[in-house]
């Protein structure tokens, strides 16, 4: 398995080997599906949309609803405004959405389609019901990643739909490209703190809705469009992820004077402390004892298990916002990051992670815009005890005989992980348990018969 991966790196400027990211439209579709009765529309070919839906469906084990402009060779050359107009008429007639969220693809961006102008024509020609709300985001696949696409779509929601009116006393939460289980955990924390909130996009009952047997075109979840409109009147905004949702928080602050706190992603003790304190300050509430108890239990867990993971070398890869949180957590656990790699290019990410690791580990590699081939090369030169990341690390895991803790997107070879949080004190506790017990499983596997103990 991967036997011919060389240890020494060769400079590569125009080729990626085994990407550590996916494309912008996937993030845009995921964000759009977090809005109630919203139909994501891919302004591209049927093949583009099939790929997006496949990636989301394989991770979440749920159907990902979306439509397409169905580009062909001819329309790609001569223009596709007629396709988009026909698609909007068809999807409003058949699917009857409240909101349509259009994102572009490589071909649409390459031929220079101006979606905004086409939508003006749709309005002027009265092709669809004017009560249906439409927004559009530019999401070319050859720039950025799924994180960029998510950020662009949420930014489009805010710039298109928000309306200033009277204060609502609520706190905005922009989750980022995170799992439904994480959003549900954040909402639970806010409920304990008795904070009224507007969470958008909210995928908790979209990818993770209960199976009731009741028919329906759209899942019951998602943020109502009225809540997004009302987000301009909130007491503050917390973007859990700097790169996925931070732009929308800045727009709300700049345009409507809604105070914004952007990051850090609440994974681990310190980052969750920051989130809880930011929420308490913006909403002007006290931190309840129940959360203090949760924090105390997490500290107790980490203390109990620390001999099993302290000093262990770890390689982490995935989305940048999740990686900053995971890096903070493993540093709190006393582990040693050898490499932290994301496929999304960002100098801010590199600076933040380097600041978390600090001078204690000057040999650590922090890479943005990297790929899985680079990750493997580094691990071959600097062996690790544990991998933390998505499904695509399993090949490196087998090749180097290193255990893998699956975290992030996509995870297509294990079931139900998206239901459980990694955020908050409860999420960190779950990660601590998984990391410690994965290392203990490896210790048992490698132990000779005379060292196989019932007590660790």
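Glycine residues also receive a Cβ, built from the backbone N, Cα and C atoms like all the rest.
Same-site candidate for [8Fe-7S] cluster binding, as annotated by Swiss-Prot with 23, 106, 141, chosen from 48, 241: 48. The secondary structure of residue 106 ([8Fe-7S] cluster binding site), as reduced to three states from DSSP, is helical. Using a 10 Å radius centred on the Cβ of residue 48 ([8Fe-7S] cluster binding site) and all shown protein chains, the other Cβ atoms total 23. Over all protein chains present, the Cβ of residue 23 ([8Fe-7S] cluster binding site) has 24 other Cβ atoms lying within 10 Å. Neighbour density for residue 106 ([8Fe-7S] cluster binding site): within 10 A of its CB lie 18 other CB atoms from the protein chains shown. Taking the mean position of the Cβ atoms of 23, 48, 106, 141 as the [8Fe-7S] cluster site, the remaining same-chain residues with a Cβ inside 8 Å of that point are 24, 25, 44, 51, 105, 139, 140, 142.
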